């Protein structure tokens with residue numbers, strides 16, 4: 001049998017804590033209570049409060065020394081399994097080494113019940129993120145409040161998330177073997193972009209790795225054709241559509257125009273979308289399986305973020321109103337909550353909840369919607385991940401979308417989605433005519449504004465339209481909120 005070592009915490013009769021190391025926990029606990037050991041012999045009886053099993057002696061010695069150096073408050077938080085408090089007291093350092101294992105089923109029934117042993121968590125949960133962009137970066141910032149060992153798979157070692165994780169693996173998130181080998185040693189996986197190898201995720205799921213959301217949902221959503229068919233099958237209100245297999249087939253549907261042509265796979269951030277108003281512009285369409293979607297007379301575009309845990313419990317964030325750059329088709333700024341009648345907001349919430357429940361998967365989902373000129377709510381598309389429309393939740397909600405996803409993955413209760421104050425987001429995009437090392441003109445003025453929070457994504461190079469950061473503004477006064485939006489848009493520029 002492989003040797004194993006126990007690092008344990010005893011609470012003595014005089015309330016002192018003793019940190020011990022043993023290769024026979026039951027024997028040493030008995031000897032402590034018999035007064036054999038020097039520190040505890042005048043402090044009996046002692047109570048076993050906590051232990052963890054460690055497979056190697058050097059690691060056990062290191063762990064014992066680490067715990068001995070902790071304050072009483074940190075030791076108490078560890079005993080109570082209060083990981084959030086422990087992280088705060090530890091200034092966001094991990095509480096335990098990745099090699100530590102849970103004693104689990106090896107716990108002996110011969111240990112007296114009066115000892116009140118608290119099991120250690122196994123090692124911190126090993127959680128992976130596919131993709132290392134700014135969404136992954138903000139997920140990792142939220143992870144610092146939890147005991148979790150983070151892994152990122154990304155091809156670019158200078159990506160925004162690369163330096164914030166515990167373990168960075170350079171590799172292609174679209175490659176089966178790379179994704180499978182990355183995930184097979186993990187407890188849980190999530191994504192920050194849909195363009196991942198779903199087949200590898202399906203295999204990992206079959207082997208017991210928890211995937212958030214389920215691979216079947218990622219697969220359905222990443223293809224706009226199957227996504228629209230899913231809405232139709234589940235009676236989710238959505239603009240009318242026709243599936244086209246190629247450009248030639250598209251040309252046979254001139255009578256359906258004006259419409260928006262959306263490529264089935266590979267589109268993102270406005271790419272893979274073409275507005276086709278008439279026969280003269282039909283050659284702009286895609287010569288690949290696509291969705292031809294009836295053009296909607298849009299009053300507003302909104303997004304509703306819904307969280308669902310493994311128990312099927314849900315939490316819904318207030319709807320956010322999104323304003324897009326008409327040329328780049330990228331989110332320009334957003335305001336939350338959306339300025340719409342309560343009846344429409346409730347309808348949007350109801351539709352988003354219905355859709356996510358039909359997904360039948362734990363995870364965090366952003367449901368983008370149109371509100372047309374007749375106040376009809378229609379689902380535009382869904383994202384099976386944290387989303388741009390939820391950036392404001394970092395400061396403006398009691399529980400951010402990023403914190404919420406960690407709660408789901410770690411099995412904690414869902415958080416409070418209520419807004420602390422109304423908020424707005426300004427996206428920082430690379431300016432036209434500027435490519436090269438990024439500079440931020442107007443930063444001092446923006447940072448001097450009250451209730452304004454700048455988030456830069458750590459990208460060293462800018463180019464026109466590239467997402468470089470965002471600014472969150474909070475104010476109880478809507479006029480003040482919008483004034484600051486426009487002031488920031490005209491002041492803070494990403495140049496080279």
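Count begins at 1; order follows the chain as displayed.
Note: Cβ is positioned from N, Cα and C throughout, glycine not excepted.
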Candidate from 170, 174, 184, 262 that TrEMBL assigns to the same ATP site as 224, 293, 294, 295, 296, 301, 380, 381: 262
Local Cβ density at residue 295 (ATP binding site) - other Cβ atoms counted within 10 Å: 15
Neighbour tally for residue 381 (ATP binding site), based on other Cβ positions within 10 Å of its Cβ: 18
Sequence-distant neighbours of residue 301 (ATP binding site) in its chain (C-beta under 8 A, six or more apart): 321, 322, 323, 324, 368, 369, 370, 371, 380
Spatial neighbours, same chain, of residue 224 (ATP binding site) - Cβ under 8 Å, 6+ residues apart: 262, 263, 264, 265, 267, 290, 291, 381
